[in-house]
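What Swiss-Prot annotates here:
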type: DOMAIN; residues: 4-252; note: domain 'ABC transporter'
type: BINDING; residues: Gly45, Arg46, Ser47, Gly48, Cys49, Gly50, Lys51, Ser52; note: ATP binding site
Amino acid sequence: MSLISADNIVKIYQSHSLVGASARKTMLHDISISIGQGETVALLGRSGCGKSTLARLLVGLERPTSGEVRFRGVPLTKLDRSGMKAFRREVQLIFQDSPGAVNARSSVRAIIGEPLRHLTSLDETRREERIQELLRLVELPPEIADRLPAQVSGGQLQRICIARALAVNPKLIILDEAVSNLDIHLQASALALLTKLQQEGGIAYLFVTHDLRLVQKFAARCLVMDEGQIVEEIKTADLDSMRHPASRLLREAVLPPLPVRAVETN
């Protein structure tokens, strides 16, 4: 059984203008995907193709117009209050914009402790122990707990968001362009940390990105998305064999590791 799946998902947004006219835009067209326990799947596509919309549907932040999202085989719409609380614990989302994903006036301690307050019954002492454990896990010093988001670096803030996602021992983390704003060294560090956590805890990842280079480093299976549809599914080891035009464009957009000097011809 899949950990999480989307079955024939359609998402249509309807907008209304000031003069009363309305417009319908279909963002997702008949999407079906599944992710197994401990698996890393990449969702690859250009900006605006519907990747983030699908991510929000998978974590229950939005509902599909038609189709079902299922967690351990049960539709999210069938979960009762306790079932939805368990789902919130087991499926976490890390956003691209880490400064926008946290309260600028909250301490790091409060940010990491937020899911512990809402999704567990831990008392204050045990919450503090868990926060310190998480800081060690993401390799941050204990004193950072008293700082505000503006007092830490971008790489540190992304690790804080990872720690918050890990706080309630999730089975699946959806990373929505979560390392795209980091420089290449911080990206490598974040991916190494996520890989280590997966090896230790069996976490599954859905890695949402436009960067094929990162897919090659992190995922085992790749779903290519274009204009709200999954247009290709391929193993990461076979990425050079991608056939769809959208897939080839993404492959061609990957920069070489070093600038290529043009060869002069006479």
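Residue numbering: from 1, along the chain as shown.
Every residue gets a Cβ built from N, Cα and C, even glycine.
Positions of Swiss-Prot features highlighted on the structure.
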| residue | record | Cβ contacts under 8 Å, 6 or more apart |
| --- | --- | --- |
| Gly45 | ATP binding site | Lys51, His210, Val224, Met225, Asp226, Ala246, Leu250 |
| Arg46 | ATP binding site | His210, Asp226, Ala246, Leu249, Leu250 |
| Ser47 | ATP binding site | His210 |
| Gly48 | ATP binding site | none |
| Cys49 | ATP binding site | Met225, Asp226, Glu227, Gly228 |
| Gly50 | ATP binding site | Lys11, Met27, Leu28, Met225, Glu227, Gly228 |
| Ser52 | ATP binding site | Asp176, Glu177, Val208 |
Around Lys51 (ATP binding site), how many other C-beta atoms are within 10 angstroms of its C-beta?
23
Listed in sequence order, residues not in Gly45, Arg46, Ser47, Gly48, Cys49, Gly50, Lys51, Ser52 with Cβ within 8 Å of the centre of the ATP site Cβ atoms
His210, Met225
